[in-house]
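Written out below as structure tokens is the structure these notes cover.
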Amino acid sequence: MANPKEKTAMCLVNELARFNRVQPQYKLLNERGPAHSKMFSVQLSLGEQTWESEGSSIKKAQQAVANKALTESTLPKPVQKPPKSNVNNNPGSITPTVELNGLAMKRGEPAIYRPLDPKPFPNYRANYNFRGMYNQRYHCPVPKIFYVQLTVGNNEFFGEGKTRQAARHNAAMKALQALQNEPIPERSPQNGESGKDVDDDKDANKSEISLVFEIALKRNMPVSFEVIKESGPPHMKSFVTRVSVGEFSAEGEGNSKKLSKKRAATTVLQELKKLPPLPVVEKPKLFFKKRPKTIVKAGPEYGQGMNPISRLAQIQQAKKEKEPDYVLLSERGMPRRREFVMQVKVGNEVATGTGPNKKIAKKNAAEAMLLQLGYKASTNLQDQLEKTGENKGWSGPKPGFPEPTNNTPKGILHLSPDVYQEMEASRHKVISGTTLGYLSPKDMNQPSSSFFSISPTSNSSATIARELLMNGTSSTAEAIGLKGSSPTPPCSPVQPSKQLEYLARIQGFQAALSALKQFSEQGLDPIDGAMNIEKGSLEKQAKHLREKADNNQAPPGSIAQDCKKSNSAV
């Protein structure tokens, strides 16, 4: 029902039955359906007439059959009484005085009620001795009437009633009828009072303690609250609180600390308001430096060295156009050798790119689109730095990335410039006037005047080779060379590679060189490895040296030929 005060169909059926002096009777005829959705059939008997109806509940079925009976019943219906109308009754049970107060607040005019004395009656005394019809001994008192004067702004209204409250309601009702249709007057604040009114409105919502702290903060004055006295029985305590604000102080008393603190703040607040107002200080305006907008260049030379995908996107943003649209067209090739084809679309322009993965294909497609739009190709930033020589980020050693492999043949040992210079100096100092030649087995046991002649010990040549490789000079070779007395024609400088080849040939270092390479590949120390090999197989080296010397015995003119070959090589 929309209105709870409206009568239901069953209530109206009961009124109809009372009016016709019959008894309504409801009967539950049937109940069917599952437990969660049952249907009930109800029968209503009113006099000689019966009606049936169904509903999801017994109550709903009764209401439905009652509605059916009201529409189809032939019994005479009672006349509906009109609702009582009372002028003083307002909708929503709001009294006229309350409604008038709200209207008066909107208008900014207070409503003031003043009671008035009733008019005095004439001084008339009846004849109490005559007991006639019109002169009874005991007279009924005249009913008293109350009068009220209501003032709303410049308007005055009078009300009367049996009680003082009824008189007030009567006056408020007359004021409402007169003021409801009048426009609300506009109140313009007077000069000099508007600011005070605004401040008063703001301060009205703040407590006295908050106002004290605000004033003290503006004037840089310290604030302190202290309970100085506490007296009275436990159920009726009395507290005295002292507040100090700079040079001002006040005390407040109350039955709680909060109340005493509030009263003390109220007292000191009155003294603080007497202080002269603070001078108005204009704050300097803050000037914020505007940041320049990020300039996105869209020239043909912009972005060289950037990623083509980012470069193409920035160019489109600078043009305020739609960003590039990338689509994967196809994927072809063997499982381990895939090839992706990516398409990029910028406006009406379309370009494609291929690559072993989607990222490279997308990059190539963006590069092709840049070339198609008339921009220069993107070059690597590292290549640009190498060309221009600009590497301002780091001047120290480069990070330990793997160095690119060179095309040097295997088995060739590179000597540093320092080692090479020492070897050249020692060679000029010691070898000048000596001859180079291959040693025969006959000369193994004889001291030779040549530079690489071997001492009677079997491992002297190995010692010379090791010293030359490690230090660049050989003290053993110098000692042997000093013993030689036969002068020989000077030989032109020999290349270090030839020297190393000669040492390896006479010592049989082919296996040792490969072992050094294996040691370097395994991360071991090649010198220690070579020394271990030499210490473990000295006898084998001596035997191998004799065989090499027999096979490679050179004629006397071989030294000159070697010198010529070395000169031509240099």
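Our numbering is plain: 1 for the first residue shown, then up by one each step along the chain.
Keep in mind that glycine also has a Cβ here, set from the backbone N, Cα and C atoms.
On a predicted model such as this, the values are computed, not experimentally measured, just so you know.
Scan Swiss-Prot for phosphoserine across S57, S85, S395, S458 and the hit is S395. Checked against Swiss-Prot, the residues S238, S378, S426, S475 yield a single entry marked phosphoserine: S426. S416 is the residue among S416, S486 that Swiss-Prot labels phosphoserine.
In Swiss-Prot, the feature phosphothreonine is assigned, of T388, T405, to T405; the remaining candidates carry no such note in the record. The average pLDDT computed over the region 'Required for dendritic transport' (381-570) stands at 53.
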